Amino acid sequence: MKKIKVLIVDDSAVVRQTMADILASDPHIEVMAPAADPFIAAERMREQVPDVITLDVEMPRMDGITFLKKIMSQHPIPVVMCSTLTESGSETAVKALEYGAVEIIQKPKLGTKQFLEESRVRICDAVKAASQARLRKITPRTGKEIAPKLSADVILEKPGSKAMIQTTEKVVVVGASTGGTEALRVFLEALPADSPPIVIVQHMPEGFTRAFAQRLDGICRITVKEAADNDTVMRGRALIAPGNRHTLLKRSGARYYVEIKDGPLVSRHRPSVDVLFRSAARYAGKNAVGVIMTGMGDDGASGMKEMRDAGAVTIAQDEATCIVFGMPNEAIKRGGADRVIPLDTIAREVLRLCG
């Protein structure tokens, strides 16, 4: 199997070395000579074309966004943005997704052994996902211990054959990963102000989901916000799961709400789509509509099958419109998807099902 060639671009020597060590620990990844700025990176790319670039957001001489635009206009290559958790850094990294970047990762930093191991898994997975991305024109607006692949059982036990509480109010749950930020923009922009309530898990690091939600809120007719514990799930509003926390759909009487909780990685992710979908199967049952969008891996596939078994209607994005046809494909293969449709028709279908 051909190794994924990665070019690291960061002005910090410490970050360059740390990233190189992390990526080199994966037998499927080959690290090219790193670059301290975009000008050196351009020289490296003339010598050897990388499969993936990890790009610092803030650098002297030329910032990451400017270099990203040049890459995408001249020689499109999958780019993973690497950012700190500052407010400006988060906003810029999210903006980069509109210019063609396919993933965001948090810069590695010192922490507990568990934190460092989870960071290693996330960074390597982001690069692998990026290497599979099918780039298209964006319209702006081993030997190592690996994280165990836990199921949603560690957060919420399997639902029974029926939802715990019978309801009539429809609720929509959505899961996405690589390429999902653009897919979610297309989906949410098409919804009217009084759309059904929506809860979303988009794989994204802690600190970036708020900026992502704010950007969507500024361009959509519905309200979009980062979910907080006990937020009411209501019409005309989409809640986006915060990074690094699991988000569950719950119901108390006539009210849907979200529970935000800690816990181990599930299907190698936190937040996990499987956790959200399982909670929807239990608490909404046949009144839920599940949507799984572009992304690498299989997070959400098992949960979507549980939703369908509980009577929910489930939708998978089709291969032609996915950046990475991993998660939807797994859901289809496991019998979790009722229907497979193009991205630009999902909003219309959701509205029809909830009408």
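For all residues, glycine too, the Cβ spot is worked out from N, Cα and C.
Per Swiss-Prot, the features are:
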| type | residues | note |
| --- | --- | --- |
| DOMAIN | 5-122 | domain 'Response regulatory' |
| MOD_RES | Asp56 | 4-aspartylphosphate |
| DOMAIN | 165-355 | domain 'CheB-type methylesterase' |
| ACT_SITE | Ser177 | active site |
| ACT_SITE | His203 | active site |
| ACT_SITE | Asp299 | active site |
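Overlay of Swiss-Prot feature records on the structure.
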residue	record	DSSP (3 states)
Asp56	4-aspartylphosphate	strand
Ser177	active site	coil
His203	active site	coil
Asp299	active site	coil
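Of all the recorded positions listed (Asp56, Asp299), Asp56 has the fewest other CB atoms within 10 A of its CB. Confidence in the domain 'Response regulatory' (5-122), given as mean pLDDT, stands at 91. Put simply, His203 is the one of the recorded positions Asp56, His203, Asp299 whose Cα lies nearest to the Cα of Ser177 (active site). Across the structure, His203 (active site) and the residue listed as '4-aspartylphosphate' are spaced 19 Å apart at their Cα atoms.
In this structure the C-alpha atoms belonging to Asp56 (4-aspartylphosphate) and Asp299 (active site) are separated by 27 Å.
Each residue of the domain 'Response regulatory' (5-122) gets a DSSP state, and the totals for helix, strand and coil are 55 helix, 23 strand, 40 coil.
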